[in-house]
Amino acid sequence: MENNKYFGTDGIRGKVGKNPITPEFFFKLGFVIGNLLYKENSFNKVLIGNDTRQSGFILESTLAYGLSCSGLSSLLIGSIPTPAISYLTSYLKADAGISVSASHNLCSDNGIKIFSVNGKKLSDKLENDIEIKLSKLTILKKNIYCKNKYQKVNLINQYIKFCRSTVSNNINLKGLNIVVDCANGSTYQIAPVLLKNLGANVFKLGCNPNGKNINYKCGTTNISLLRKKVLQNKAHLGIAYDGDGDRIIMIDHLGNIVNGDQILYIIACDKLKNKKLNGGVVGTLMSNMGLEIALKKLEVPFIRSRIGDRYVLNELEKQGWKIGAENSGHVILLDHTSTGDGIIAGLQILSIIAKNNTTLKNLCNGINLFPQILINVQIDKENNPLESNIVKKIIEISKKNLDGNGRILLRKSGTEPLIRIMVEGKEENKIIKLAYNIANAVKSVI
């Protein structure tokens, strides 16, 4: 995957209008995917959904046309969360499911995430096969004609029904005041409805998509307004999703952020308490040391995977475990789904709160996260400053400075032309200084 031209850690992503996020490329991609999937006497259908970006509809259409030219039909679902595509692909036994989305990025970006027949994200091997086919694809004739075989379907209610089935029939959120930020994305017509149906009093944010405002000053990457509204309305908690609904971040009644590490801890504790925890839990290289320490106190095994929710899934399947998460808010609960699902993860937390008559703040009391600073440094796609001796030296010095009481992680982003720098430790002032020293070293060799 690291040598792929198009696929990153989570599908394909980029700037709209620049290769590969163009109608022409999406047509070719659909044609290649169709050729790989087409089988005689098979269902030969692919689900396609999108988030609320204005570019999504033309990209979806050209993708569907490319699939048609290879013999596959498309079911166009419209605006729907990415995890819904995963579920519905498996539920309908489609040959594949495709979400046209750039997740938590702004509307100037778009991309795709592809799911196989079992609802899981594509393996590295299959992504590589697609890359090879794309590289060998001869220029398609401009006058190529094929019947565009697609059907528009509304499957939102089926997904709502599925989400509701993941918690007890007896769950009652009456009396809970919840602020919900849907990032002007694809959860806007689902999450508020679900929570109201369960009895909650819902205050809505980010529920007015216009094609251009997805993730803009809202959602999981910008929770300042959510925090403000939780405090203003004296709400019990706040929930933020990202643009395509596969991430969740929460806010407690005091305005504290509750991230993917804490959500994972809460769910693990509940399952342990009810003797339903099968083995241990999986985090990633980015998971906070505080999570590892808290789980160790409970004697719950903990393993770190590579960054990316599909690698969390791979490790869960390898270990035979059921729950894992990224601190960014991708939470995988294999009892229910095989990909990160913000709505389902949120429902589990609300169910735990309701049945224990407690607060989100109280559920987080057993985990103390270390201060952690994240810095992104823009680079050219071909540039790799991580190979620089200057950068290697500053990392070595910084690790000695932490003296075993923290972690340093530098990596190239799998979705954007960035170097991501993470420094974590007990002393906040120290890690801030170390992180900026490393960032300056990276910038000096770009």
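For all residues, glycine too, the Cβ spot is worked out from N, Cα and C.
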Of the residues Ser103, Ser108, Ser116, only one is listed by Swiss-Prot in the Mg(2+) site with Asp242, Asp244, Asp246. Which is it? Ser103
Given Asp242 (Mg(2+) binding site) and Ser103 (active site, phosphoserine intermediate), what distance in Å do their CA atoms have, once rounded to a whole number? 7
Excluding Ser103, Asp242, Asp244, Asp246 themselves, which residues in that chain have a Cβ inside 8 Å of the centre of the Cβ atoms defining the Mg(2+) site? Asp51, Pro81, Thr82, Ser101, His104, Gly185, Tyr241, Gly243, Gly245, Arg247, Gly340, Gly342
Residues that sit under 8 angstroms from Asp244 (Mg(2+) binding site) by C-beta distance, when 6+ apart in the chain: Asp51, Pro81, Thr82, Ser99, Ser101, Ser103, His104, Lys113, Gly185, Ser186
Tally every other Cβ atom lying within 10 Å of the Cβ atom of Asp242 (Mg(2+) binding site). 33
On a count of neighbouring CB atoms within 10 A, which of the recorded positions Ser103, Asp246 is highest? Asp246
